[in-house]
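Q: Sharing a structure below in structure tokens format, with a few things to ask.
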Amino acid sequence: MDMRVPAQLLGLLLLWLPGVRFDIQMTQSPSFLSASVGDRVSIICWASEGISSNLAWYLQKPGKSPKLFLYDAKDLHPGVSSRFSGRGSGTDFTLTIISLKPEDFAAYYCKQDFSYP
């Protein structure tokens, strides 16, 4: 049985999905942040177009994979400290960490979950 026809048909259907965009760009600031234990820090994330609250935050420690810790812009993953908080909707989002602890020092990334390539 030749499976190429259904795959081609699926490709055509995907081209006709109305209102679906796959080119949302994300920008974070600052790109580097110097902080000390006990500090309060904020990281801002912007989307090139509205993504509602479809934003997740990940942290990555050296030699480890990124780890989801906040989703839907403000909801903490189970077990994540309430020292972390997120807010925002549309195009502007903020991650805030209060009372920094040594284990908080990592790379932080925002990721939109509104559309996929």
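Glycine is no exception: its Cβ is also placed from the backbone N, Cα and C atoms.
Here's the feature list from Swiss-Prot:
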type     : residues     : note
SIGNAL   : 1-22         : signal peptide
REGION   : 23-45        : region 'Framework-1'
DOMAIN   : 23-117       : domain 'Ig-like'
DISULFID : Cys45-Cys110 : disulfide bond
REGION   : 46-56        : region 'Complementarity-determining-1'
REGION   : 57-71        : region 'Framework-2'
REGION   : 72-78        : region 'Complementarity-determining-2'
REGION   : 79-110       : region 'Framework-3'
REGION   : 111-117      : region 'Complementarity-determining-3'
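Let's see these features in context: how buried, what's close, how far.
A: With DSSP states grouped into helix (H, G, I), strand (E, B) and coil, the region 'Framework-1' (23-45) comes out at 0 helix, 9 strand, 14 coil.
Mean pLDDT, taken over the domain 'Ig-like' (23-117), works out to 94 on the 0 to 100 scale.
For the region 'Framework-2' (57-71), the residues of the chain that approach it from at least six positions outside its boundaries are 45, 77, 80, 84, 86, 95, 106-111, 113, judged by C-beta separation under 8 angstroms.
Counted with DSSP, the region 'Complementarity-determining-2' (72-78) comes out as 0 helix, 2 strand, 5 coil.
Sequence-remote contacts of a segment are chain residues at least 6 beyond its ends whose Cβ falls under 8 Å from one of its Cβ atoms, and for the region 'Framework-3' (79-110) they are 26, 28, 35-53, 55-61, 66, 69-70, 73.
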